[in-house]
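Colleague: The structure that follows is given in the form of structure tokens.
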């Protein structure tokens, strides 16, 4: 989740005593560009030219003290307006489209003939000033409006009572990328990654565009469980799962559907009372027991790893260690039945292991260094887990790369970030700009696959060969709020062992625009994140005989 919050910056209304400068003919001749973001129309005007609605650069429009009896719906085309004054006109109604002008901070409707207001005004979640005095509005509306913080209360009331359109979402498309191998033995399984938006983060301060009833956990949890159950993934990685909800909702509901699970809360839970601990969020992994058997489970506390590897770095202690994000990992044994039929089975002594890792990195955009180091710490710990798992009796080989890895995460990092570069390219320069020129160099080598005393040639490397399941901009965004729309959730997999057969595509972006959905959650979308879902094809590292010959791994 990207906790940037609703815009509450100080708003300065236009100055009525402003002085304009008219360009001279010489300035015009010399090509000087004019800039005007405000427009005032006065003189007892009765109607407005349609060309006005093409001035989309306007931020302030003064239409007060005229004789306007109606405002056309096309006013909503002025999407950059933050100030609109319609006071002292002859308006008896307002267009519902006014509610689409979500940039508005000030809307003045004083001294008109308004008896009702369109409930769509409730969508103006950034509005700080609403002028309604001098209108014959109902007592219900005026009593709310005249309360302390009346503007906010009235807007919330209208948003909560606004009818929801459209009635349902269009289906997300399944994008097939490759057909399953029909010659070599392979196992196919699906993986979901989903940030479910923890209840304590789902506030009107952050998501003012969403009705309060649709932010309520009792409402949202139905949509979240519907999303999870509908796609029926073999492996499910969830972030922002509240501790109490894991034990009372997610685990019981998914156990009934043939899953087992593992969960760990953020590190802060350790120092909290039992009651407070219930509301700490964390990461969970679920897997279908008919397809996988749990071998090991692990929690990685980033603040503990940071403390153990600080090597005297103040930045490590003051910036990284203070964040209590965590990751979880499970080592699973893949059931032999998954490897298809009609082919020579894997040797009975071979056990195909799979590691699934899930993490949620720090949210703040100003802490790109922390996100990158948290990712390095997590991958380094996963490498340790793999090394231990690969040396277990019955495991195929001592090489950690022989055990395939699926890494799911809300990385809170865009595709062009150091975090994604590190995961995708096998490493990152130790002077990468995301480190912000802070002194991390010594301790970073603890997380490089070459080791503290190895030759790194100025790079921090991890040794895995990972690839994102969602490449080539298959998703335009995974997090969709008013403030921010971008890809920050990922599913990575070991490309030496696996192929992507397909992924769940995006919700139609045009549909979101056409229905004026400026951010999620929404009555039809229960989280501010969209789920990721991929179907992976796994080939065992040691392939069986085909016609008496060992076929090499094609990857």
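From the backbone N, Cα and C atoms, a Cβ is placed for every residue, glycine too.
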Colleague: To which of 318, 412, 431 does Swiss-Prot also attribute binding of substrate at the site defined by 240, 276, 360, 365, 479, 484?
Modeller: 412
Colleague: Which entry in the list of binding-site residues, 240, 276, has its Cβ near the fewest other Cβ atoms, using 10 Å as the limit?
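Modeller: Candidates: the binding-site residues 240, 276. Fewest Cβ atoms within 10 Å: 276.
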Colleague: Tell me the Cα distance separating residue 360 (substrate binding site) from residue 410 (Mg(2+) 2 binding site), rounded to the nearest angstrom.
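Modeller: That separation, Cα to Cα, works out to 5 Å.
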Colleague: What is the Cβ neighbour count of residue 412 (substrate binding site) at a 10 Å cut-off, with all protein chains included?
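Modeller: By my count, 26.
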Colleague: Please state whether DSSP places residue 484 (substrate binding site) in a helix, a strand or coil.
Modeller: coil
Colleague: Round to a whole number and give the Cα-to-Cα distance in Å for the pair residue 365 (substrate binding site) and residue 240 (Mg(2+) 1 binding site).
Modeller: 18
Colleague: CB neighbours of residue 484 (substrate binding site) within 10 A?
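Modeller: Here the count is 16.
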Colleague: Should residue 412 (substrate binding site) be counted as helix, strand, or coil on the basis of DSSP?
Modeller: coil
